[in-house]
C-alpha cells in the first residue's frame, strides 16, 4: 500500500468521530446478548439480595450491570474473560476496603481507590472496567455495606462468581464459546517451530509488534488479530478467484474402492493408477471412508513376524484400515474453503459430495491449476 492509498469502509459502516460507526452485529446476536445480560444481571442481583439483603444488592447493582454487558455482548474480548472479572472485582474490593478504612468514606478517597485499583489490575493482568465502579461503591457505600467492614468483599465476589457462572452457561448454550480458548498451534512440517505463521508470511511476533504499536491497551488478542487477518485473506482470495466452486475444479473420473476389497487390491489399484489416496465407497456410491498408500503399506510392515503379517495383511479388508472420519466438501463449496484444508491441514485430496454421494475429488494439483488459470485470466 503506497502513501496515496486510502482504505475506507462502506457508507453503512462509517460514522462520525462523535457518534462512532455502525456495529457489524446481526440482529440475532443482539437479541442473544440482550436476553443474556438481562438474565445474568437479574439472577446475580437476586442472589445477592437473598444473601445480604436489598440495600447491599442495590448498592452493587451498577458494576454488575456493566460487567453483564461485557460478558454477554463481547464475550470474546480480553476484558470479559474469567480472570478479568474475578481478579478485577477482588482487586478493586480489597483496595477500596483498605482505602476506606484508612482514609474514610469521601469523594477524594473514592477517586484514590479507583486509581489504585486501576494500577493493581494492570499489574495483575486482570483489567476489568467495572472494577472501577466496584471501588467507588465500596468507598462511598451506605450504612448497609459499611456495616460489613472487611466482609464487604463477600457480596462483591458473590456477584462476580454468580454472573460469571451464568455467562459460561448461557453463552455456551447459545452457541458462543466462552471463556475464549487460544487456538492450538499446529506444526504440519514437524519443524519444531512454535511461531504461528499466516499464509501472508506474518508471524506471531509481527502480530505482537502491531498490537504494541497502538501505544495503549487494545482489547484484542494476538489470536483475534490473526483470525481477522486470515479472514481478510480469505475474503480477498474469494474476490479475486470469483465464483469458483469445488465442482468446477474437481477430478470427475475418480478411482475408488469398496470397503470389502482387500489391502492387496487397494495396493494394486494405487500402483496401477499412480495414486496416493483412494476414497472408500459403498454399493450406493456413498462415501464411507478414505485410505492412503501409507495406511496400506503400514499394515504390511509391522514389527516381528513381518512375512506372516504381510500375508495376513494383504487379505485384510479395506474397512479395517481406512479412515472413517473423512474431511469432505460439498460440490458448491467455494475455493476459499478448500485452500486452508489442502495447504494448512496437510490433506492431499478432498472428496467432493452431493449429499452423501461421491461425485469427484479435488487434489492439491487441481487447486494450484485453478488458481494459476485464474491468475492468467486476470493478467489478460
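For all residues, glycine too, the Cβ spot is worked out from N, Cα and C.
The compositional bias 'Polar residues' feature in TrEMBL is assigned to 1-15.
The feature region 'Disordered' is assigned by TrEMBL to 1-20.
Same-chain neighbours of the transmembrane segment (30-47): 57, 61, 64-65, 68-69, 71-73, 158-159, 162-163, 166-167, 170-171, 174, 176, counting only residues six or more beyond its ends whose CB sits under 8 Å from a CB of the stretch. Residues or ranges marked as transmembrane segment in TrEMBL: 30-47 (among others).
Nonlocal intrachain contacts for the transmembrane segment (53-74), taken as residues 6+ away from its ends with a CB within less than 8 angstroms of a stretch CB, comprise 32-34, 36-37, 40-41, 44-46, 80, 85, 89, 128-131, 133-134, 137, 141-145, 148, 155-156, 159-160, 163-164, 167, 170-171, 178, 219. The transmembrane segment annotation in TrEMBL covers 53-74 (among others).
TrEMBL lists 106-124 (among others) with the feature transmembrane segment.
The transmembrane segment annotation in TrEMBL covers 131-148 (among others).
If you look up TrEMBL, you'll see 154-173 (among others) marked as transmembrane segment.
Residues annotated as domain 'CBS' in TrEMBL: 250-307 (among others).
Annotation comment: TrEMBL describes 322-380 (among others) as domain 'CBS'.
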Segment-level pLDDT (mean, integer) for the domain 'CBS' (250-307): 83
Tally of residues which DSSP labels helix, strand or coil - the domain 'CBS' (250-307): 20 helix, 15 strand, 23 coil
